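Asker: Sending over a structure as structure tokens; questions will come in a sec.
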Ligand SMILES: Nc1ncnc2c1ncn2[C@@H]1O[C@H](COP(=O)(O)OP(=O)(O)O)[C@@H](O)[C@H]1O
Ligand SMILES: O=C(O)C1=C[C@@H](OP(=O)(O)O)[C@@H](O)[C@H](O)C1
Ligand SMILES: [Mg+2]
């Protein structure tokens, strides 16, 4: 079966994109981020997809992009933080190596900052992130084959641990 070397899940600010890229480089495989693939497909950045077309349209594109990538991509694949909200996506992930990068609220807030790149966090980022993380934590845990806590650790350190873990699995 064609499958990604690893699929990375976790809340915004967990470091999925940053650590995913570093792990792929350490393993010498390709990296893809479904948010980036969605932007390419839609021809516009994620905030514009949310504002022009709505969250439901974004989620539909997200579902399709993930389903296509799981069946064709062999590198390290980072998902967006809300990807696991869809039951069909959680089901599809069951056959895969899935790494949950966990992070507590304090570090997550520091990392996402006040940037405009995450439309769901554009109003009251701390309270929204707290709610999202509480709601989603059991869903990340339910799809994960591995969990790595990222608080107070550098992306390089986390990437090295994850690369070693994936190499051991052969
Ligand atoms: N372990 C870490 N320690 C400190 N900063 C981090 C860590 N992981 C990621 N970051 C920073 O936090 C921000 C969000 O990281 P990103 O990889 O986009 O997270 P995600 O894709 O999970 O939302 C980026 O500015 C990134 O450089
Ligand atoms: O948590 C979410 O619902 C989202 C997280 C984002 O990805 P990151 O987790 O990489 O920030 C992106 O997919 C979109 O803004 C929605
Ligand atoms: Mg990301």
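Backbone N, Cα and C atoms are what each Cβ position is placed from, and that goes for glycine too.
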Asker: Considering the ATP binding residues 13, 14, 15, 16, 17, 18, 118 given in TrEMBL, which of 59, 63, 153, 169 is annotated for that site as well?
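Answerer: So, going by the record in TrEMBL, that would be 153.
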Asker: According to TrEMBL, 59, 81, 136 bind substrate; so which of 35, 151, 156 is the extra one listed there?
Answerer: 35
Asker: Kindly assign residue 81 (substrate binding site) to one of the three DSSP-derived states: helix, strand or coil.
Answerer: coil
Asker: List the same-chain residues at least 6 positions away in sequence whose Cβ sits under 8 Å from the Cβ of residue 136 (substrate binding site), in sequence order, or say none.
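Answerer: In sequence order, the residues whose Cβ lies under 8 Å from that of residue 136 (substrate binding site) (at least 6 apart) are 11, 81, 82, 84, 85.
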Asker: Out of 16, 59, 118, 153, which has the highest number of nearby Cβ atoms, where nearby means within 10 Å of its Cβ, if these are the binding-site residues?
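Answerer: Checking each of 16, 59, 118, 153, the winner is 16.
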